Amino acid sequence: MANLASYNEKRTLVEVIGETIAPIHSARSEEGAAINENLRNEAQLVSSKDNVITEDGEIVLGQSSLNDEELKKNIFQDPEIADYYRKLYANSQYEGRHHFDPELEWTAKEEKAILWKLEWRVTLWACIMFIGLQIDRGNLVQATSDNMLKDLNLTTNQYNYGNTIFYVCFLSAELPSQLVSKMLGPDRFIPLQMVLWSIVAMSQAALKGKNSFYATRALLGILEGGFIPDIVLWLSFFYTSKELPIRLSFFWTALSVTTIITSIMAYGLLRLRGVCGMPGWAWLFLIEGLITLLIGLASFFMMPASAVQTKTWFRKKGWFTEREEKIVVNRVLRDDPSKGDMHNRQAITPKLLWESLKDYDLFPIYMLGLIAYIPATPQSFYISLMLKSLGFSTFNTNLLAIPYNVIHIIMLLLVTKASDIFNDKFLVAVAQPLWLLPLLVAMRWWPGAQQDAWATWAIVTLLLGYPYIHAILVALCSRNSNTVRTRSVSAATYNMFVQAGNIISSNIYRTDDAPLYKRGNMQLFWINIGVLGLLLFSKAYYMWRNHSREKIWSKMTKEEKFNYLATTTDKGNKRLDFRFAH
């Protein structure tokens, strides 16, 4: 059967575009006309209160329910809808079905206490696992500061090919990885992934040349692919749809924090060059891979399958009391009833991916995911090689990478917060290409670029500390998908475009363009101009789409609106009542 979308997400246009507009489901005639027989035949359920569960799994409130604020918060207060879902949860063998309670009430104080438990036990550990990912995904840059390429007889082009192989494998593994995660469960598969890739990461200490370098890059990409969507799926078992985005934003903050930590670690680990006859970069791979291995092993014990499965032989009391378990389960179900349908916990399949790729209304965001981060990415790959070539020591090279990460964190938080304050995503996001523009001009046309050591470091530091708009675009992709079930697909599709952009970035700086990379910096300059233009086009496109729909919607009577909502085959962002965020 079709998955069921969250009725809360479609309740008002205010939640979609932040404007004070009347509820979109107030679409009944003044006389409260009865639902026609066609609707009753097509819907999965029409309750005595005229609340409808459509054939496609959407919930539409009837006229008598529109002014019932309690029912809007808890749709299960309609006993017929509650009974429908109770049977659905039983049939799907949902693990929290025995805690489903439409009458359960709790205080704001109780909910706040539970959220704090979730922050410390779920979000914090998810961030720690993400740190493990970033350690093994990002330490290649630090390893190159210790003459790794020279030791392995690698050219910069071959270094690029290694990065390309990694991202191609990472991208290719995302769908198969999610299918395996669906079969095993993210609580089992994520720790297994981490253990396997950490073993490969440690094995990089034994690299001998080009072939072994390519092989480990491929294996790391295969084993790490799908990790992030699996983490998102696991988090969704504990948080509501409105709570999840801010938790995901912690990941990008953790990414920069990890780079700061590993830069400090590299300063010490690379000094082990010569110990046991091993180069410093080999010790770096070995010890940091061991850290990830320990995180992966701990994750087998730190990741319960759900909120109602935290009690086990090594955690006899569990995380929650029985009442707290009930609150966690019911607050999530009231936000999105489909989360109790275990069939909804499915990986992204080729069919779902194709449906997402056909969604032309999300293509502006997908294309931004492809090109938006290219202008700054080559420098992140090459910063160690650049600084070494300018005369900085191996150890100072890693310490000099810390300032840009500090700036990056600050700018990420500022630009993301500004997009919320001004309620304008694309115009605020323009800050990124505008910030990068003069720095790319300097890298391409200033005679001192990559000649004057400290000036070049300052330029690259500011360039890599740019206002990162990834969190803004992820939020836009989520909101403009409209439904819970399409959000996970569109988020994965967007991430694939980002990885494809990384593949492009890996091949901008070439050996025949070294050491000034004038051709590469020219390409980055024009791509950045393209990002600026695409952001402005996207803003205009979504404004035009909203205006076109509003003209049609405003001409419909209330009864026509209600019948449309209850019978339409339009899905997600194709519905006439949906307005795009921009």
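Note that Cβ sites are derived from N, Cα and C of the backbone, with glycine treated the same way.
According to TrEMBL, the features are:
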TRANSMEM  219-238  transmembrane segment
TRANSMEM  250-270  transmembrane segment
TRANSMEM  282-308  transmembrane segment
TRANSMEM  363-383  transmembrane segment
TRANSMEM  395-414  transmembrane segment
TRANSMEM  426-447  transmembrane segment
TRANSMEM  453-477  transmembrane segment
TRANSMEM  524-544  transmembrane segment
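Highest Cβ contact count with the transmembrane segment (524-544) among the listed stretches 250-270, 282-308, 363-383, 426-447, 453-477 falls to 426-447 (criterion: pairs under 8 Å). Within the same chain, residues 95-96, 98-99, 121, 125, 128-129, 131-133, 135-136, 139, 142-143, 146, 185-188, 190-195, 197-207, 234, 237-238, 262, 265-266, 269-270, 272-273, 275, 314-315, 319-320, 325, 328-329 sit at least 6 positions outside the transmembrane segment (282-308) and bring their C-beta atoms closer than 8 Å to a C-beta of that stretch. The stretch from 219-238, 250-270, 363-383 that makes the most Cβ contacts under 8 Å with the transmembrane segment (426-447) is 363-383. Residues 245, 248-249, 252, 362, 365-366, 368-369, 372-373, 376, 379-380, 383, 386-387, 390-392, 400, 403-408, 410-412, 414-416, 419, 425, 428-429, 431-432, 435-436, 439-440, 442-443, 446, 487, 490-491, 494, 498, 581-582 of the same chain lie 6 or more positions beyond the ends of the transmembrane segment (453-477) yet place their CB under 8 Å from a CB of it. Remote same-chain partners of the transmembrane segment (395-414), defined as residues 6 or more beyond its termini with a Cβ less than 8 Å from a stretch Cβ, comprise 141-142, 145, 252-253, 256-257, 259-260, 263-264, 266-267, 270-271, 383-384, 387-388, 435, 457, 460-468, 470-471.
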